[in-house]
Amino acid sequence: MSSVKVAVRVRPFNQREISNTSKCVLQVNGNTTTINGHSINKENFSFNFDHSYWSFARNDPHFITQKQVYEELGVEMLEHAFEGYNVCIFAYGQTGSGKSYTMMGKANDPDEMGIIPRLCNDLFARIDNNNDKDVQYSVEVSYMEIYCERVKDLLNPNSGGNLRVREHPLLGPYVDDLTKMAVCSYHDICNLMDEGNKARTVAATNMNSTSSRSHAVFTIVLTQKRHCADSNLDTEKHSKISLVDLAGSERANSTGAEGQRLKEGANINKSLTTLGLVISKLAEESTKKKKSNKGVIPYRDSVLTWLLRENLGGNSKTAMLAALSPADINFDETLSTLRYADRAKQIVCQAVVNEDPNAKLIRELNEEVIKLRHILKDKGIDVTDVQETPGKHKKGPKLPAHVHEQLEKLQESEKLMAEIGKTWEQKLIHTEEIRKQREEELRDMGLACAEDGTTLGVFSPKKLPHLVNLNEDPLMSECLIYYLKEGVTSVGRPEAEHRPDILLSGEAILELHCEFINEDGNVTLTMKPNASCYINGKQVTTPTVLHTGSRVILGEHHVFRYNDPQEARQSRHNLAAIAEQPIDWKYAQQELLDKQGIDLKADMEKKMLEMESQYRREKVELEQKMYHQTREYESMIENLQKQVDLAQSYISGGGSIWEGERMLTSSLLEFPEELKWTSDQKRVVLKAAIKWRYHQFTSVRDDLWGNAIFVKEANAISVELKKKVQFQFALLTDTMYSPLPPDLLPPGEDLTLRPYPKTVVAIQVQDLKNGATHYWSIEKLKQRLEAMRDMYETDAEMSPADGDPMMDALMGTDPFYDRFPWFRMVGRAFVYLNNLLHNVPLIHKVAVVNEKGEVKGYLKVAIEPVQKDEVINQKKGVRQTAKLHFRKEDFLKSHKNGETSDSDALAFPEHMQEEVEFCFRVVVLQAIDVADTYSDVFCQFNFLHRHDEAFSTEPMKNSKSPLTFEHTQNLHIKMSKTFLHYLHHFPIIFEVFGHFQPKSEQFNFERQNSALGRRLSTKLTFQQPSLVISTPVKSKKANAPIQNNNASVKSKHDLLVWFEICELANNGEYVPTIVDHAQGLPTHGIFLLHQGIQRRIKITICHEKGELKWKDCQELVVGRIRAGPEWAGGDDVDVLSLGLFPGTFMEFSMDDRTFFQFEAAWDSSLHNSPLLNRVSNYGDQIYMTLSAYMELDGCAQPAVVTKDLCLLIYARDSKISAASRFCRSLVGGISKSPEMNRVPGVYQLCLKDGSDSGSPGAIRRQRRVLDTSSAYVRGEENLGQWRPRGDSLIFEHQWELEKLTRLQQVERVRLFLRLRDRLKGKKNKGEARTPVSPCDPVCAIPESIKLDEKDKGIVGKVLGLIRRKIPMNKDPPTGNKAQELSDESGSNSITSPVSDKSLIKSSRSSDLLCRQKSKSDQNLASNDDIVDNLGGMKRSLSGSRILQLNILVPEVLEERVGVVVSKKGYMNFLEEKTQGWTRRWVIVRRPYILLFRDDRDLVIRGIINLANARIEHSEDQQAMVKVPNTFSVCTNQRGFLMQMMPGDEMYDWLYAINPLMAGQMKLHGNQNGTTLKSPTSSSSIAAS
């Protein structure tokens, strides 16, 4: 038994104590240490210790150095360790008292080394000086820290942050999975100690700049193995040296600890307090005389005391070193340390020599294992597969708690036995594996470790040849550089039997793929059998010497470049030549494909064509199938409806309900038999159905009447702004001479499926300033009209000096102008290729006709077959050659019932053979009688199916007539049924273009005769780009809303919508991002976002209480990311549907309006848009469109709220500077209030009657379209006699179509006449009989037809209708008088087809030109569909519905509040639903009154729609409310009493709100009791 040896050491003053002019309060006299408290009015205390070290001043003769401390404490403890005892040295004291300095010191300075380095040095010095060969020494070390009551392994980088502390009945407390390193020298210990010290937790406090924030325990296990030659047995002695560096106790007010430092200090004080309690308890136990009643010692209260249990009163020789601060400011801490040390002297330890503990432990552990196995076996548990790691058992039935505890003890014992039984060599191998693991982690971090283990860096090859990986995907690159060492470097897969040097993966890589042999400075590639290897794109099978810069491809995807530094230095000129083109992965792959003769582009194009063909074919099949099913279901519904109507009529006529139900039940089970129609009847019915299905007379008239007001308003604004642009209606029909452009067609309409041409109502835009004519759709006019209105509103506020007058036209922001092409089309002509069927050349002179049916000239074209043996002589002009491809799916659409087309029955002529190439030429000879107003005339031609670049001639100056082109185009085609079909039915299209240069007299004459031209001027103003109201973004979930502009409106509601974008803040909440309102854009603000932060979009809908009931938001979609305000159109490919949170209704105490708010999570990276992913550049703005599909109670479809938002992306960590925030606040752009960080939007919700919706035909039958051409438009008086065209335009266009039809017929007849004459001349030469026509007639014409009485009656009626003249509308509602048409044209409508009767009976290809556009092989393409429709009509007739459901259809329109401010200022409000007056800032922008909180408020808080409001002002009203200067505004939902502020004029406010009422009041002298309601006309004018 021995007591704990205690020593104290007094350190010098530190810098903090010197700066505080502290006094020394400690004195050391021998082994007595006295603390003097008189200087600070406290008592003196003296203590006796085993050693008292005075290290206060180096010049003091009693100064104790580091060496002396070690010689008196460390040497003795090291001697005990060699004797076989467990020893422990731990330092105790407050923070900054010198504990770490005494224990560790400075390892690099021999004089300043602490106890631990000196002890380790002497340990190996004694081991090295051992001369006894029978004794072997082994040393293991472990290093851990206790930080915040958690144990951390400082030597193993892969260990977790918290190791478990366990207790064994034989070994006592130990740390599970603590790394023990085997060391062989003092240098190894120093390295491990340095690694551990780097991982320790230190921090700076006010008392110590490098304060230890954890307890460190450095353990050395010394094993002495002695071999006894007599007994041939090995005995071992184990001793454990525990060197403890405790963290210092501290006070928070002294150290200034906060946050994490304060938490660390609390845990440090907790463990040290527990250590003090343990010392006190052990001292008490040691001084007790009776040992029977042994008290409880709180070892387990702290991890530190639990691990040091053996060193405190256990099996250990323990020394405690108390470090003291001599300063008077640390008097209390020093006195506490002295008292702890004094108590520790009384602790008695029972140290024993640990002789040969392994044998004893192994035996005891083995007995314990056998005992536990028997216990578990008796309980029926199989422990043969017990795992090493405790707690990880195989899945099975849940074990009881005591059984689980015994099983865990068994695992612990087996684990300890395995660890004890490890040999010294195994421990060294384990240490080496951990060292390699550490180097591997460094290598994964991109660092290379040298062999000495000290140098870190990346080494570049200077002499060694190497392979550079060129893979384009970094994740597939394995390694970037492979070094080719001297000798053989093998390449293969990781699973090979002999691991290769270079590991590659992939299907084409063999287990042993190839070898690189580096001998005599040359590298040779040797491949294994069946290995795929390529050098510079060429496959090699024999050993090949590599040269620097060579491209090596192994397998299919592994591409390398071989580099030899020595060879590169010898031939730098070769490298310079190679450097002209970058050698990368793409270069090597392209080189490989070139060497193999693979044209990757051609293969891709071929596959794309096949996929497109398959897609079109499957699409047509699905559409046909869907159409059939739809028609069947509609027919069944109509039949059932008919039966219900019959039953109801029976009941209403007096029949019983029971009989009516019986009739209904029986009739539902019976269907009338279908009528048996003959083939002639089917043909007649089919023709009539097709005609009426595509008849457009009434729909075209409705479009003219309904949109006349828009054309008139556009012209009025054009005159007011002096834009030199005139707008007028125009009818365009899709014919061969006038094909419709895609932008004039309804979206998704396919003209190829129509048997008759399509006629659309367009807007003819005459740009009189540039002499150009454009055609707009009605929708485009409406969009441009919005911008025209904005331009008109802002024109009065802009000065003539605002910008360059031509900037708006050049930028394309002026809504009146479109860009016009340099070349204008003169006209079109068509040439058929029937002469090629007879192998004769033919020269055509065809008319060039424009879309108005006017002949603009003639074109001379030659079509000549080229014979196989013909020698092509080079003539003057241009000669080109091209190869054509004709695909069957471009022309032949199979019928729905699988019927074959007529092209399958066509036979090839003798000079044409299937799948054999056929050659002919097209020669454009001359253009005749082209007007001299066109210069640079050229002609281009193409086939109907080709959408590629057309064949074009060179432009010719129009200086003389005729214009000679002499352009020859040789064409090669592989003969097929498709091309043969084309020769029979389709022509080549010729288009003549020229630069239009009107004569000045002609241009001026046109301007003077124009009703608008007389009022146009040259004044131009610069207009900022306006933002057209966007259409809703297409939803992926909700159905697209069906708009019915003709349905009756049930109610209208004004909506105020706030849009917010919230970003995730540091506190975990979503905060609205800043909005800049100073730009004045139609978006009402710019959101200033940060890059890469989670966001949410918050939308709040506000409106007056009423019948509107919001259910929830079905979907919120965001898309159309763009850099400019206008959306260019196209498919919404970047649309993202956001994840929604449930919507909630919000209530406010002083506001009884309805507030509905919902949020959606928005991840902007999913748009894959560079505009949202990167930081915005200076001056850039990002625009996007969002649409919220809202579900309303009682509505059949969602209401769509659409808004365009403007964004700016800032860096993630950037903040708006104070200067910038101040500058923006001056102009009112940014406010600190979060209520300002939202963007408002004003909308009008119209609820329409859903029963009006139905098929287009039903809508047209139900609606009454009013002629809006007579409606008044502001500025109409400036238009003079101009009026929008009306019904007369339809008849004029009908005559134009008649002209085009006759021109087409004439040209077709001329073709056949030329061909017949040419064939007749050819036959005369051969003395053969000339037939009547070039080919035989399709069918014989009967000489007589017999008719019965019924047929004669029908023929008589038809002849009567033909002879009857249809009366013309002499007085159309609007426009000029219709021209009187001839009797022949009066019977044809816009879509009336031309007669099917052939003009030349003997010709097979005498189809009409208008049918060729629709593909003659699918003449009447929808025959089956219409037959199904007729079948449905035969089965049942539609009846009235039983129940008309009152379903509403919502329509939301964004209202752009005008920029003209009529009046603004403060007003007092008294609402009927609230109490008390409220002061608000009011801005009148007709037709709205905008309400704000004050004049600094940037967000609209409320709106009043003057179009639906009534203004009242009277003296009686003011007398009743007893408040002067008041008037009332009443809406459908609310009434406001508004009072002006002192100093304001009543007339000014009334004039701003209702000018008509103010004018009447002024006229009548302020009559009392005046109550006026705003008329509709004034409201509409104000709104426009």
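FYI, residue positions are counted from 1 along the chain as it appears here.
Including glycine, each Cβ sits where the backbone N, Cα and C put it.
Under the heading domain 'Kinesin motor', Swiss-Prot lists 3-347.
Annotation comment: Swiss-Prot describes G93, Q94, T95, G96, S97, G98, K99, S100 as ATP binding site. In the three-state DSSP reading, G96 (ATP binding site) counts as coil.
What Swiss-Prot lists as region 'Microtubule-binding' is 183-335.
Residues annotated as coiled coil in Swiss-Prot: 425-445 (among others).
Swiss-Prot lists 598-652 (among others) with the feature coiled coil, giving sequence analysis as the kind of evidence.
Tertiary proximity for the coiled coil (777-797) is limited to same-chain residues at least six positions away from its ends with a CB under 8 Å from its CB atoms, namely 703, 707, 710-711, 713-714, 717-718, 720-721, 727, 743-744, 760-763, 814-816, 1021, 1023, 1026, 1028-1029, 1456, 1458-1460, 1584. Here Swiss-Prot flags 777-797 (among others) as coiled coil, drawing on sequence analysis.
Swiss-Prot lists 1366-1416 with the feature region 'Disordered'.
Summarising the annotation, Swiss-Prot assigns compositional bias 'Polar residues' to 1376-1394.
Residues or ranges marked as compositional bias 'Low complexity' in Swiss-Prot: 1395-1409.
Look at Swiss-Prot and you will find 1460-1558 tagged as domain 'PH'. Confidence annotation: the domain 'PH' (1460-1558) carries a mean pLDDT of 84 in the model.
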Can you count helix, strand and coil residues in the domain 'PH' (1460-1558) using DSSP?
22 helix, 40 strand, 37 coil
Let me spell it out: for each of the binding-site residues (Q94, T95, S97, S100), count the other Cβ atoms within 10 Å of that residue's Cβ, using every protein chain shown. Which one has the most?
S97
Please report the number of other Cβ atoms within 10 Å of the Cβ of G93 (ATP binding site).
30
Cβ packing number for G96 (ATP binding site), 10 Å threshold
27
Would you mind checking how many other C-beta atoms are within 10 angstroms of the C-beta on K99 (ATP binding site)?
26
Close in space, distant in sequence - G98 (ATP binding site), Cβ under 8 Å, 6 or more apart:
R9, R11, S55, A323
